[in-house]
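Taken verbatim from Swiss-Prot:
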type	residues	note
SITE	ASN12	site 'Discriminates between blocked and unblocked aminoacyl-tRNA'
BINDING	TYR17, PHE68, ASN70, ASN116	tRNA binding site
ACT_SITE	HIS22	active site, proton acceptor
SITE	ASP95	site 'Stabilizes the basic form of H active site to accept a proton'
Amino acid sequence: MSSIKLIVGLANPGAEYAATRHNAGAWFVDRLADAYRQPLKEESKFFGYTSRLNLAGQDVRLLVPTTFMNLSGKAVAAMATFYRIQPDEILVAHDELDLLPGIAKLKLGGGHGGHNGLKDIISKLGNNPNFHRLRIGIGHPGDKSKVTGFVLGKPPTSEQTLIDDAIDEAVRCTEILMKEDMIKAMNRLHAFKPA
């Protein structure tokens, strides 16, 4: 059984960003909330939208920060402190440039890879990077100078379908993660091939 108590989906707030690649983490948390019929509600003390799920008999909180991406740690730290959740009990879902659309991978710890949301969370958790990550592939524009425009752009329909398929599989694997363990969830998710 997993000890995950908080699942966070990273995003920028506002309608203009809702469909951009940088919000892939929030798409995952939204899909998870829908799958368990527990809609997210805004909770200002946690600087985000929150919900509470019973996942495989365990109490799990969901959070989509309403801060901008580079301030995500404020929301994560507020919720973690309030509910006494340790970094290794947190799963952060985020967009990943180094994976292609249609691929999602789980990992524990590591650096921020230039991702401003992860950077701020690590900082606000007392420079502790040892939380779980769900990396949702969005692909790379091929040139470092194009990254900002790329992550703040909307994927074409063909890529969106691949990203959605990977997110749906990640939702299914979250149940495996909670019921069994990280290794089983990783094995299934990492073997996934989009149609």
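Note: Cβ is positioned from N, Cα and C throughout, glycine not excepted.
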> Say you check the Cα of ASN12 (site 'Discriminates between blocked and unblocked aminoacyl-tRNA') against those of the recorded positions HIS22, PHE68, ASN116; which is nearest?
Replying inline: PHE68
>> Return only the integer: C-alpha distance in Å from TYR17 (tRNA binding site) to ASP95 (site 'Stabilizes the basic form of H active site to accept a proton').
In response: 13
>> I'm trying to understand the geometry here, so how far is the Cα atom of ASN70 (tRNA binding site) from the Cα atom of ASP95 (site 'Stabilizes the basic form of H active site to accept a proton'), in Å to the nearest whole number?
In response: 14
> Quick one: what's DSSP say for ASN12 (site 'Discriminates between blocked and unblocked aminoacyl-tRNA'), helix, strand or coil?
Replying inline: coil
> Can you list, in sequence order, the residues of the same chain other than TYR17, PHE68, ASN70, ASN116 whose CB lies within 8 Å of the CB centroid of the tRNA site?
Replying inline: ASN12, HIS22, THR67, MET69, LEU71, SER72, GLY117
> In sequence order, what residues of the same chain, 6+ apart, have a Cβ less than 8 Å from the Cβ of ASN116 (tRNA binding site)?
Replying inline: MET69, ASN70
> If you count Cβ atoms within 10 Å of the Cβ of ASN70 (tRNA binding site), leaving out that atom itself, what do you get?
Replying inline: 12
>> Suppose we draw a 10 Å sphere around the Cβ of PHE68 (tRNA binding site). How many other Cβ atoms does it contain, all chains included?
In response: 16
>> So the record assigns TYR17, PHE68, ASN70, ASN116 to tRNA. If I measure every Cα pair among those residues, what is the longest distance in angstrom, as a whole number?
In response: 16
> Sorted by position, what residues of the same chain at least six away from HIS22 (active site, proton acceptor) have a C-beta under 8 A from it?
Replying inline: LEU10, ALA11, ASN12, MET69, ASP95, VAL151, LEU152
